[in-house]
Amino acid sequence: MTTSSYFLLVTLGLLLYVCRSSFGTEHTCESDASPHPQGVCGSPLAEAVEAACELEEYLQGGTGKKRGRASPLRKRRAFLSMLKARAKRNEASPLQRSGRGIVCECCKNHCNIEELTEYCPPVTEGSG
């Protein structure tokens, strides 16, 4: 094996190791796991998602993009009410994403703003 082939093999191995170790930090939790000390649960979690979605929408710069809502304020309140009601009943199934849910990611673990915005409704083109 030549030196360049060996170097390439070692480099690919290191790259694979780095990728695997960084992607292995996804939040997972058991059903009986207790909330994280810095986790956000219940109604505050629903409010945090709403705030994160509004911030993301604001940062997109008012380019005529909307979150598919006919009446933004009414739909936002309905969405928040639904989240609060489900949080009180401890049902997060509509918020599941790839086998993990928002309760697992942000209540039983600590999540950041990027993770919160992953639960926002999709942005669609529309008129103001």
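Backbone N, Cα and C atoms are what each Cβ position is placed from, and that goes for glycine too.
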Original post:
Between Cys53, Cys104, Cys106, Cys107, which residue forms the disulfide that Swiss-Prot gives for Cys29?
Top reply: Cys104
Subject >> Swiss-Prot annotation, disulfide partner among Cys111, Cys120 for Cys106 >> reply: Cys111
**OP:** For Cys111 (disulfide bond), just count the other CB atoms lying within 10 A of its CB, please.
**Re:** 23
